[in-house]
Ligand SMILES: C[S@@+](CC[C@H](N)C(=O)[O-])C[C@H]1O[C@@H](n2cnc3c(N)ncnc32)[C@H](O)[C@@H]1O
C-alpha cells in the first residue's frame, strides 16, 4: 500500500530558499564572534567554508555591517517587542543580520525575509516575520553615525572626552580609505586618484581591488594604514645598522625598515603569520632575517642599534576595519594585554645597544597600552629618555603630545579620511 502520509518537512539547509547559504554562514559567524569571542577574520574561514567567493564575501559583509551598526539595530528591535528578546537567542541574531541587510546593504526585502525565516529554526518565526515586515512598512532607518557599544563609549569618553567618542562614531560609520606605503617615493602622476599625506605614502579612495592596482606584482608598495607607518618612520634611515623588529608579522614595518636601509631581524611567535611576512618580502623583493620565537623566552645573540616593539594589544585602534573588536574586548583583556606589553617592553629594552633607540607601538586607543605603559617604563628606567618626533617625520596635522609621544585619535586628519588609533613612543637608551 502506498504511504499516504504527507512528505516530512525537510529540516536544515536542504530545503532553504535560494540565497540562504551566505546568511546561514553569517549566522554562524556572528555567533562565533559574539558568543565565543573569536576574531571575525579568523572565524570567517570556518564559518564560510564551502561557499562560492561571492557568497563568502556577502556573508562576511553582512556580519561586518551587523557588528558596526549593532547597537542601533538592537534599539530598533527592542522598540518593536513588548519584552526585550534575550541578547543571545537565535531570533535576535537572525533579526540583527536581516536588518543589516535591509538597512545597510539595501538588499531586497523579499529576499531578506525569505532567507531569514528558515534560520529561526524552532524559534518565533511569526515574531521575526512581523518585525521585518514592520521595518519595511515603517521604513526604519539607522542614525547618521553608528553608536559605539556602551562600555567602549564610557571608557573612551573618560580617557579622551566626548568629542573623541563622536569622532570615533563618525569614523566607524564610514569606509576607511586605502593607504599604501612605498619602498621608494612614488610617482604621483601614475596615481591620479591618490593623495600623499607624508613621504613614501599614497591614499586612495576605498573600494579598489588591491591586486588590480598598478605595480602590485612588481611589489613596490604594500597596504598599511598611515598611522601604522609612523613607528618605523621614527627610526629613519638605517644606513646598514641593525634593528630588531619584534612582533613583526605580517611585516608592514619589516618592509619599511628594510626599504629604509636597516639590517632587519624580524621576530614573531606565530609561524602562520610569519609565512605571510615571508610572502610579503618575496613580493616586494625586500630582505630581512626572519626568526620564529616567543620573545618572553627568545633572546637575540647580540644587542641591536635599534629595537622596534609593535606589541600585541587589544587592537581597539583598528576598530574601523575590524568592527568585531569593540564587541569582543573588555576591561579584562586590556589589563591582560597591558601586563604582557610591560613584560615584552622590559625584555626588548635589554637588547638595545647603549645610546640606541627603542620604538614602542600599539594599535590601541587605551591609555593602559600606551601612555601608562611608557610612563611606568620610564619610572623604572630613569636613565632612558623620550625623543619626541620632529614635524618632518609625521604626516601633516599630526604632532607629538606634551610628553613627546605620538597619539593618533579618531577625528585627526578627518577631512582626508582619518587614520587608525595608535600610540608610539621613541626612547633613547642610556649611553653606557
Ligand atoms: C600588532 S601585530 C604585529 C604587526 C606587525 N608589526 C606589522 O607591522 O605588520 C602583533 C604581533 O605580535 C605577535 N606576538 C604576540 N605575542 C608574542 C610574543 N610573546 N613573542 C613574539 N611575538 C608575539 C603576534 O603573533 C602578532 O603577529
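Keep in mind that glycine also has a Cβ here, set from the backbone N, Cα and C atoms.
When secondary structure is read from DSSP and collapsed to three states, residue 363 (active site, nucleophile) falls in the coil class. Residues near residue 363 (active site, nucleophile) in space but far in sequence (CB under 8 A, at least 6 apart, same chain), listed by position: 227, 228, 313, 315, 317, 318, 420, 421, 422. Per TrEMBL, the feature active site, nucleophile maps to 363.
Residue 247 (S-adenosyl-L-methionine binding site) counts 23 other C-beta atoms within 10 Å of its own C-beta, drawing on all protein chains shown. Residues or ranges marked as S-adenosyl-L-methionine binding site in TrEMBL: 247, 248, 249, 250, 251, 252, 253, 268, 294, 310.
Feature annotation from TrEMBL assigns compositional bias 'Basic residues' to 1-11.
Annotated domain 'SAM-dependent MTase RsmB/NOP-type' per TrEMBL: 132-430, in sequence order. Per-residue confidence over the domain 'SAM-dependent MTase RsmB/NOP-type' (132-430) averages out at a pLDDT of 96.
As annotated by TrEMBL, region 'Disordered' applies to 1-22.
Cβ environment of residue 294 (S-adenosyl-L-methionine binding site): 269 lie under 8 Å away, each six or more residues apart in the same chain.
Its Cβ taken as reference, residue 249 (S-adenosyl-L-methionine binding site) is surrounded by 24 other Cβ atoms within 10 Å in the chains shown.
The Cβ neighbour count for residue 253 (S-adenosyl-L-methionine binding site), using a 10 Å radius and every protein chain shown, is 28.
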